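Written below as structure tokens is the structure these notes are about.
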């Protein structure tokens, strides 16, 4: 699939970063789904999570971009080789590459030169499970509890349905319009479907206004599969954001 416009833009600035490598954010990933999820991070690897289990991912210092997601219905042998019905990453438990569609993605760009983290939930490769991301910061400039908790799989248009999830139209049809290739692109009927289900998530590549979120550098994050974070900061941020609207 395509990538959000802001990631391409911010990543271009990262080329110019020089000097000391800065600590990347830590991500605490928790599975609240009533089934096992094989969490994945690139960079970061992978881990099997039963319901209620967590995994802390700390990318190497200097890491500028990454993706985190959940895999479903996986089977791995003792060497960590196998397959997943959704979110598979080259048949390995310890991910060393991107996910196979359909998959619900958390994407981040860490840019210390701007003193900002950029993060989002992307449905550009489709949807396989609900999730949320919550920054663990009380900084008022850190606005962005993002959720995509709709049961998209049960609502998925028949032509996009596959085992384990719901494909995006870009992955399914690979056309310029659906994949937002070229100088200008607009919503399609399919991207509107995803946006209606998850208003805070990317539904097409230039969906930046309502889908790109920032926090000051130094912020860590909680990602929850099938639920919201119950962290105290979630309530604080919700109150802060709504009081300022």
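In case you wondered, yes, glycine gets a Cβ from its N, Cα and C as well.
Just so it is clear, the model here is predicted, and its values are computed rather than measured.
Noted in Swiss-Prot for the protein shown:
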type     : residues : note
SIGNAL   : 1-19     : signal peptide
DISULFID : 33-226   : disulfide bond
DISULFID : 74-84    : disulfide bond
DISULFID : 89-95    : disulfide bond
CARBOHYD : 90       : N-linked glycosylation site
DISULFID : 142-215  : disulfide bond
DISULFID : 148-198  : disulfide bond
DISULFID : 156-166  : disulfide bond
DISULFID : 170-179  : disulfide bond
DISULFID : 180-185  : disulfide bond
CARBOHYD : 186      : N-linked glycosylation site
Simplified DSSP label at residue 215 (disulfide bond) comes out strand
Other C-beta atoms within 10 angstroms of the C-beta of residue 215 (disulfide bond) total 22
Long-range Cβ list for residue 185 (disulfide bond), cut-off under 8 Å, min separation 6+ in sequence, same chain only, gives 176, 177, 204, 205, 206
Cβ-Cβ distance under 8 Å, sequence separation of 6 or more, same chain as residue 156 (disulfide bond); the residues meeting this, in order, are 127, 165, 166
Looking only at the disulfide-bonded residues 95, 179, 180, residue 33 (disulfide bond) has its closest CA neighbour at 95
According to DSSP, residue 179 (disulfide bond) sits in helix
For residue 148 (disulfide bond), the three-state DSSP class is strand
The correct three-state DSSP answer for residue 84 (disulfide bond) is strand
Excluding its own, the Cβ atoms lying within 10 Å of the Cβ of residue 180 (disulfide bond) add up to 24
Per DSSP (three-state), residue 142 (disulfide bond) is coil
Residue 33 (disulfide bond) falls, by DSSP collapsed to helix, strand or coil, into coil
